[in-house]
Amino acid sequence: VVAVLNGYRGERDESQGSVYIPPEDDFIKLPRSIDWRTRNTVTRVKHQGQCGSGWAFAATGALEGQHARKTGYLINLSEQDLVDCCRLCHGCQGGLMTLAYRCIFMDG
């Protein structure tokens, strides 16, 4: 609600309304906490400065972590590439993770 009141409009996603069926391994007992830093699955802290590019940091951070979990190799993706090249978003004026993913998928 607060996000909507502050101007967040979001994006209609084709997957909205779909039914999520968790895989069986979702039902295993989970630990109380996980420190992903100790598992080499997150990059160092990055600073976006005065640029409203949190959308790019969120998108690259999520992809970096998932890549590390799947391959065992942590990569450092460039938020600046998304800010400069993702025409679906608005650079330092803001954007959406979903649109950033679309740019990555379309343009690599």
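Cβ from N, Cα, C; glycine included.
Annotated in TrEMBL:
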- 30-108: domain 'Peptidase C1A papain C-terminal' (DOMAIN)
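Applying DSSP to the domain 'Peptidase C1A papain C-terminal' (30-108) sorts its residues as follows: 43 helix, 0 strand, 36 coil. Confidence over the domain 'Peptidase C1A papain C-terminal' (30-108), given as mean pLDDT on the 0 to 100 scale, stands at 92.
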